[in-house]
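Straight from Swiss-Prot, the features:
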BINDING   Tyr35, Gly61, Cys62, Ser63, Asp86, Asn87, Asp112, Ile113, Arg194  S-adenosyl-L-methionine binding site
Amino acid sequence: MRDELFTEELKKQFEFDERVAGVFDDMLSRSIPYYALALELSADFALANLPKEGGWVYDLGCSTGSLLLEIERRAGAKNPRLIGIDNSEAMLSRARAKALGYGSRVDFIQGDILDFEYQKSEVILCHYTLQFIRPIHRAYLVQKLYDSLKPEGILIFSEKVVSEDRVLDHQMIERYYAYKREQGYSEVEIVKKREALENVLIPYTAKENEKMLLEAGFAHVETLFRWVNFATFIAKKGEA
């Protein structure tokens with residue numbers, strides 16, 4: 001279904017409810033530059049860091065489940081345990097419907113990623129999710145994810161990022177709005193979504209994200225991909 005959510009007046013704070021879930025796949029593809037490529041890279045590196053057989057993969061803020069279903073499709077004999085976690089039942093109902101259609105064994109669980117008890121895993125994925133976690137809790141979550149990874153495990157996540165330079169940041173935002181116009185969003189929709197996400201989506205700079213990861217204990221942090229103010233990072237835990 002096409003995303004026309006912000007052509008109407010929203011009567012409450014933005015949340016991932018039934019209305020958003022119904023258009024979410026279209027919203028992602030038209031609102032996040034190279035979103036499909038970020039997922040493809042995530043699947044590539046997730047599979048490369050799994051053992052020959054088995055292993056655990058979590059996707060936090062899994063929304064409609066597309067990434068885990070793609071990893072499962074490509075995993076073959078590796079046959080990892082794939083678990084998606086989201087706090088939105090509306091999103092998960094769509095993920096489960098997709099899984100049923102594909103005959104998938106991916107587990108989709110409703111829960112709070114801050115409180116969830118994770119099994120030791122090789123891979124944790126977290127795309128455009130940390131930016132919705134309040135800064136006061138964000139470092140705690142990253143530390144918890146680090147502690148949940150096995151030695152040499154990886155965390156792959158994507159975030160909207162801000163520039164340390166005010167002028168450059170403004171230019172980057174304007175280029176992003178131009179992208180949204182190219183995708184068919186109107187000026188009214190762009191303004192309404194910006195207002196809806198204010199104080200809900202709180203991005204860090206790339207350096208702030210890297211600092212948070214290193215302070216949690218990750219041995220290596222790399223930028224896998226970046227387009228203007230959207231970035232995909234990979235962080236690797238050291239050996240035991």
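For all residues, glycine too, the Cβ spot is worked out from N, Cα and C.
Most Cβ neighbours within 10 Å among the binding-site residues Tyr35, Cys62, Asp86, Asp112, Arg194: this distinction goes to Cys62.
Pairwise Cα distances among Tyr35, Gly61, Cys62, Ser63, Asp86, Asn87, Asp112, Ile113, Arg194, the recorded S-adenosyl-L-methionine-binding residues, top out at 25 Å.
In the three-state DSSP scheme, Asp86 (S-adenosyl-L-methionine binding site) falls into the strand class.
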